[in-house]
Amino acid sequence: MTTPTPDDPFRDPRSMGAAGSDPLDVPAAAPTEEIGPDERAHLGHLGLSRVGAEELLRVEDLHVDFPTDDGVVRAVRGVSYSLNAGEVLGIVGESGSGKSVSSMAVLGLLPKSARIRGSIRFRGDDVLGMSQPAQRSLRGRRIAMIFQDPMTAMNPVHTIGDQLAEAVLSHELMPRRKAMARAEEALALVGIPQPKTRLRSYPHEFSGGMRQRAMIAMAIINSPDVIIADEPTTALDVTVQAQILEKLIEVKDAVGAAIVLITHDLGVVAGMAHRVLVMYAGRAVEIGETDEVFYNARMPYTAGLLGSIPSLEAQDASRLRPIKGAPPSLINLPTGCPFSPRCPLATDICREQEPALLPTDSMGHVAACHHWDELAGVDDPTAFFRSESEASR
Amino acid sequence: MLAFIVRRLVVSAGVLLAGTFLAYCLVALSGDPLARLRQDNTPGVEDRIAEMTDRLNLDTPVPLRYLQWLGSASKCLVPFAAECDLGQSVRGQDVTFLLGNAVSSTLQLITVATFTAMIVGVIVGIVTALRQYSRLDYATTLASFFFVSLPLFWFAVLLKQYVAIDLNDWLADPTVSLPAAAIVGVISGLIWASAIGGDRRRVWISFGIAFAATAGALLILSASGWFASPGLGPVVVTVVGGAAALGLTALLAGFRYRHVLYAALATAAVGAILNLALDQVLSDPSYLTLIGLLLLAVAIAGGVGYALGGLQRKQAIQTSIGVAVIMSVTIFIDRMLSAWGNYFDAVDGRVVATFGSRTPNYDGGTWGNLLDTATHLLLPTIALILVSVATYSRYTRASMLEVMNQDYVRTARSKGLTERTVIVRHAFRNGLIPITTLMAFDVAGLMGGAVITETVFAWQGMGFMFVTALRDVDPNPAMAFFLVTGLAAVVFNMLADIAYAYLDPRIRLS
Amino acid sequence: MITPGDPAAPAADAQGMTVVARTQAQLVRRRFFRHRAAMISLVVFALLLILSFSATGIGPIPGWWKHDYTTVGSVVEGGSPTLSVVPTFLGGDGMHLGDHPFGQDNKGIDYFALTMRGTQVSIMIAFIVGALGTLLGVLIGAAAGFFRGWTETILMRFTDIIIVMPLLAIVSVLANRVGNAGPFWLAVVIALFTWTGLARIVRGEFLSLREKEFIEAARAVGTPAWRIIRKHILPNTIGVIVVSATLSIAGAVLLETALSFLGFGVKPPDTSLGRLISDYQSAFASRPWLFFWPGLFIVLIALTVNFIGDGLRDAFDPRQNKVRS
Ligand SMILES: Nc1ncnc2c1ncn2[C@@H]1O[C@H](COP(=O)(O)OP(=O)(O)OP(=O)(O)O)[C@@H](O)[C@H]1O
Ligand code: SF4
Ligand SMILES: [Mg+2]
C-alpha cells in the first residue's frame, strides 16, 4: 500500500483544490458550456480538457446475459450513459460489476454466446443493428480500445511495427511503407524513444510500461473519436502508472478523442474524469459530475467505495474501511436492491424493490437508492461505513 | 540461431549415441543367433558356428562389439564413402545393401503419410475449432476417438481384405448407381453445410448445393465412363487453377482490393497455358525435370505476384505461389492418370495393390511408374495415417480454441481486422507453434506404425526388414533399423525445434 | 485499490460471483458424471470386465461358460457362430446364444471361450502396464522436477533416449525374449518403455508448482522434501496423473495386441486378443468371424477406456469453468 502524499491527486480526491465551487455543469445528455483554460488549474495537475457539444456515444438500457452451465449470468442489467466529444467518463465499481462487459459490447467484442439487448448509438447510428463490415469499420477506426494487461494483449509473434501498421492497413489501403511511417509517428507520440528501430521489436522485448504505451499508440493511430481504456494501468508498476495516464490524456488531446476510463482506482478518476459512472452488480447505481459524486455521494455503495480509500483528512481513522461482504451472484440476484445485504442504510423497502436510477438534489447527478436523501443529510457519507466497521472492532 | 542449431546438434548426437547403445545391448540380449545351429547335428556344423561367430563378432563382449559396430557405422557419415559398413546379416548379406532399398521405400511411405496426415489433420482441426459444438465437431470428435482406438494391424488387414478386393471389382465395371450417388451426396452435403455454418437458410443452401454438385458429378462421371479411364484434361486443370485462385484469395487477402485476385488469376492463366505449351516436355519427363518445373512454376508465380500485387504485394506473391503449387499438383495427377489405361492392362485390372511397394517387372515410363507407386501407397498410407490424422486434428482444434481465447486475438478484433485476418494471421499463426512439437513425436509414431503396416502389406521397407530380422534372431539388420529411425527421430526433432524457433520469436534469443 | 486483497471480503471469488463452496473432489466428480460418453463407456467397460472374467474364470476359479478355451471339440457347421440377435418377428432366427455363439476355430475350440480368455489377458496386461508405467513415470518425473540439477539432467536425457526409439520396435526386441515367461513379464517389459510421456508431464507440473508461494513457504519452514511432495505437490498433479494412467491403459491394450499380432507378445498356449487375430489371419477368407470378434473387443476396450480418460480430463481440467473477465 502506497502512502499518499498531499500533492498526489491520484490517491486522494479530497486533497484537490477548490473543487465543487465551479462544477462542470454538464448533465448526462445535454452538454453546455466548455471550461476555460483558467479553470483547468484547480482540477489537478493533469488538467481536464474541453468537452465538446457533440454527443458521440449513447448507450441506452444495455443488457448482457451469458447462458452458462450453472444458469444465466446477468452481467449487465440496463446500463445507460452518454459520452460527448473530448469528454472523459470514468467507470468504477468492484470486480465483476460488469464494467468490461458493458464496454466490450460497444465494440462488438463479446463472445458469440453473449445475448445483448438495448441500444448503442455512435453519432446517432445504431451499432448493434449494423452489418458486420460496418461494425468493423468503426472498430479501431472510430472507437479504439486499450486493454488491461499489456503482457498478453499483444501478439507475441508479430513485431510492434506490424501490429501497429495492421491497424492502419485494415481501414485504409496504402503502401506498407506509409503505414509504418504512421506507426513510427504514433510510437513517437506516446514517448517511445528511437521509434524507428523499435518498430522491428517484438512485444517481449518491451517492458510492461513500454508495451502499454505501444497499446496506446495502437489505439490512437487512426485518430479515433472514442477510446475505451479498460483498466489501462492496473497491471503496471505504481511508478509507471502516473506516466501512462499522463500520456493517455496528452495523446487524447492530440487526436481529439473522448475517453471511457474503466478503473478500480478512484484516485485516477478524481484526477482525470469529467463525469463518473459507478457500477454495481451489472447496473449503473450513480452517475454525475466527478466532484459531485465524490463530495456528495448519493448512493451508499459509492460512499463505501470512497470510504475504503486511505484518506488524509480523516487522520484519526487512517485505517481502511472496506465494505463488508461480497457482491451478489449474478445468476440468482436477490430481489430488491442488490446492495442491500451490505448496506448500512438498508430497510425493508430496499429488500423488496430495486431502486431506479433517479435524479437527486443536484443537476445531472442521478443515483439508484431509496434513501439517497439520508446521505444528503450528513456531512461525510463515508462515515456510515466507518462507524460500522469501527464499532465492530 | 546458428549457435542454437549447433547446440541442438551436439545434444541430439549424444542422445542418438546413447540410444543406439541401449538398442544394441537390448538386441544382443534378445536372442542368440547361434541357437538354431547349436541344435543342428549335421557334420560341419562346428565350422558354420565358428564362421558365424566370426562374421557377427559374437565372441567379443557386447559393449566392445558396440564400439566396433559404431566405428564402422560412423564411416557411413562420410559422403559417398564406399566403406560404409553396418555388418552382415546371419545369411551373410551386407546390411548396407539390404538397407538401401528399404530406407527409400519406407521414407516414401512415411513422407507421404506425414504430409497427408498433417494437411488433413490441421484443416479438420481448424474447421472444427471454428465450428465448435457443431454437428461436424461432434462427428469428428467421435471419429477421432474411434481412429485412435482402432488396432492398426486389424484395420490394415480389413483394408486389404475388403477395400482392395471390392474396389478392384468395382473398377472392372465402374458405374455409380443412383442410390449410391444420393448417399454420397447427402454425406457431402452434411459435411459442407456443417463446415460453412451460418443461419438456417444458409445451412440449407449449402447442403443443397453440395448435395447436387456431389451426386451430379458422380452420376455424370459414371455415365461418361470417366471411372473406367480417369483423367482430368486441360479443361479441368484450368478450372482447378481458377478455383484455387479464388479460394486462396478469399483465404489470404479477401476481395476488398482486387490486386491479389488479379495476380492469382493471372498465375492460373499462365499455368493453364504452360500446361498446354509444355505438353511435349511433360509426356515423359525425368524426375529432375519435374522438380525443375515445380521450381519454375513457383518462380513465375512469385514474379506475377510481384508485378501485379500493387499495394498488397506480399499477399499477392503468397497467393500466386499457392495457386502455382496447387496447379502443379493437379497437372501432376492429370499426367499420372494418363498412364491409367496402360497400367490397368499391365496389372490385369487389379489396380489397388495390396502386396509390396511396386509391381515386379513393370515399367510404364515416368508416369506409369509413379502411378504404380501411388496405387501401392494407397492402402498402407490410409492405414498408417488414421491415428496421425486424429491426433493432428484434436491437437490443432485444442490449440486453436486456446489461442482464440487469448487477449491478443481480442486486440486484433478491436483493431477492426476482418475475421479472416484475425484467424489466419493472429490465431492460426500462434496455434501452429505447438503443432510443430507434435510433428516430431508423430514421425516416431509413424515409424513404429510402419513396422505393422509393412508387415501386413509386405512392403519391403525397414519395418519389414526389422520384423524379419527379429524373427530370425539377426542382430545387425535390427540394429540398422534403430539407427535409421533414431536418426530420423533426431532430425525431425531438430526440424521441429527450428520450426518452433522460427515461429516463436520469444525462443530465438535464448 | 478497492477489492483486491480486501480482507473483509474473503468470500468473493475472482469473478465476483458467490459460488457455493465445493471441494475439488466434489467438483471433479460432478463434472465427470456429467460427461455422457464417459459414463456410458464406464458402464460398458465394467460389463466387459465382468463378462470376460466370469465367463472363463480366473486362475483356479472356474467360470460359468460351458466350454473351455483349450478343449478341442468337433467342428459343428463349419464352426460358424450360433449367436443370433435378430428376433423372429423381424424375420430373424430369434434371440439366442446357441452352443457356440462366436463360432469355433478349426480345431473345434469354442471361440467365445477363446475370445473371453484373450480379453482377460489383454486387460490384465493393460492394467499392469498402466499401474507400473504410471508409477515409474511419476517417480522419475517427480525426482527430476523436484531435485533439479544433475538428477534432472540425467533423468530427462534418459527419457529423451527412450523417446527417440520407436516404441513398438524397442518393446518387440525385449518382448520377444520374455514372451515365453508369461503375460506378467510381458506387461513389465511394456511398462519399462511407456513411462516417458508421463515423466515429462509430471516434471513440468513439478517445475511450475515448485515456484508457487505455498511450496516456497513450506520449504522455508523446513518441511522435508518427501512431505512437501506428498502433501502439497502430488494432490495438485493428481488430475494429470489419473488422466495419463487411464489413457496409458488404452495405449497398452493396442500395444500388446500389436506385439502379439507380430508374434512377439503373448506366446502359446496362452492367448490374447492380438494373438487371436494373428493366428487366424490366414483363415480370414473362409471364416471371417475368427477375425472380427477379437478385433471388436479390442476396439471396445480401447474406445471405452479412451472415453473414460477424456471424461476424467474434462473433469480435472480447471480451465473448464474459467470465464473471461
Ligand atoms: N464469457 C462470459 N461468460 C460468462 N460470464 C461472463 C463472461 N464474461 C464475463 N462474465 C461475467 O460477467 C460479469 C461481469 O464481468 P466484467 O468482466 O464486466 O467485470 P469487471 O467489472 O470488468 O471486473 P474486473 O474489474 O475484474 O475487470 C462477471 O461476473 C463475469 O464472471
Ligand atoms: S436502496 Fe437501500 S440497500 Fe440499496 S443502496 Fe440504497 S439504502 Fe442501501
Ligand atoms: Mg474488467
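For all residues, glycine too, the Cβ spot is worked out from N, Cα and C.
What TrEMBL records for this protein:
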type	residues	note
DOMAIN	B:103-496	domain 'ABC transmembrane type-1'
TRANSMEM	B:9-29	transmembrane segment
TRANSMEM	B:107-130	transmembrane segment
TRANSMEM	B:142-164	transmembrane segment
TRANSMEM	B:176-196	transmembrane segment
TRANSMEM	B:203-226	transmembrane segment
TRANSMEM	B:232-253	transmembrane segment
TRANSMEM	B:260-278	transmembrane segment
TRANSMEM	B:290-309	transmembrane segment
TRANSMEM	B:316-333	transmembrane segment
TRANSMEM	B:377-395	transmembrane segment
TRANSMEM	B:435-459	transmembrane segment
TRANSMEM	B:479-503	transmembrane segment
For the transmembrane segment (B:316-333), sequence-distant contacts whose Cβ falls under 8 Å of one of its Cβ atoms, 6 or more beyond its ends: 232, 236-237, 240-241, 244-245, 248-249, 252-253, 259-260, 263-264, 266-268, 271-272, 275, 282, 290, 293-294, 297-298, 300-302, 304-306, 308-310
In contact by Cβ distance (the transmembrane segment (B:142-164), the transmembrane segment (B:377-395); 3 or more pairs under 8 Å): yes
Outside the transmembrane segment (B:260-278), six or more residues from its ends: residues with CB under 8 Å to it: 234, 237-238, 241-242, 244-246, 248-249, 252-253, 293, 297, 300-301, 304-305, 307-309, 312, 315-317, 319-320, 322-324, 327-328, 331
Residue numbers, six or more beyond the limits of the transmembrane segment (B:203-226), whose CB comes under 8 Å of its CB atoms: 174-176, 178, 180-182, 184-186, 188-194, 196-197
Same-chain residue ranges lying at least 6 outside the transmembrane segment (B:290-309) that approach it to Cβ under 8 Å: 259-260, 262-263, 266-267, 270-271, 274, 278, 281-282, 315-321, 323-325, 327-328, 332, 366
